[in-house]
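Asks: A single structure is presented below for examination.
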Amino acid sequence: MDYATPMILPLLLITTIIPVFESCDQSRQGCRIQEGQCLCGKGCYSEYRYSNYEECYKALKGRRFDFCAQGPCNHNGVCVQTSQEPGYKCRCAGTGYYGARCETKCYGQNTTTKQEVPFECIVI
């Protein structure tokens, strides 16, 4: 019996999951799109994606509204605006769901299928 195998799995999970829970530098100066306008201030990179007003305005050009205001994420997923289409990304960690809009229920640990477990479904 290989005694290293039980040690490798937790280590692999930890090194895979840690980047998801990185701390947020609250002192980032930047701008974000909110209610169809560019607002600048300080906060996390995930909140203030754009380095300056000009960059934010370019991303906003052609948009009529804040995509997150429509609530595209299901099951209490957190909507974060992005500069790439469709203009937002749903963060599903901790909801029990995964997918582009947190629409797919995480399957139980007792499942017999050999599917890859999405990181949003891993509970530590």
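Placed from the backbone N, Cα and C atoms, the Cβ positions cover glycine too.
Found this in TrEMBL, in case it helps:
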type	residues	note
DISULFID	CYS73-CYS90	disulfide bond
DOMAIN	64-103	domain 'EGF-like'
SIGNAL	1-23	signal peptide
Asks: Just jot down the residues in the same chain as CYS73 (disulfide bond), at least 6 apart in sequence, with C-beta under 8 A of its C-beta; none if empty.
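Replies: Result: CYS79, TYR88, CYS90, ARG91, CYS92, ARG101, CYS102.
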Asks: What is the total of other Cβ atoms whose distance to the Cβ of CYS90 (disulfide bond) is within 10 Å?
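Replies: A count of 22.
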Asks: Quick one: what's DSSP say for CYS73 (disulfide bond), helix, strand or coil?
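Replies: It is coil.
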Asks: Quick check on the domain 'EGF-like' (64-103): DSSP residue counts for helix, strand, coil, in that order please.
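Replies: Breakdown, helix to coil: 4 helix, 10 strand, 26 coil.
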Asks: Report the mean pLDDT of the predicted model across the domain 'EGF-like' (64-103), rounded to a whole number.
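Replies: In the predicted model, the domain 'EGF-like' (64-103) has a mean pLDDT of 87.
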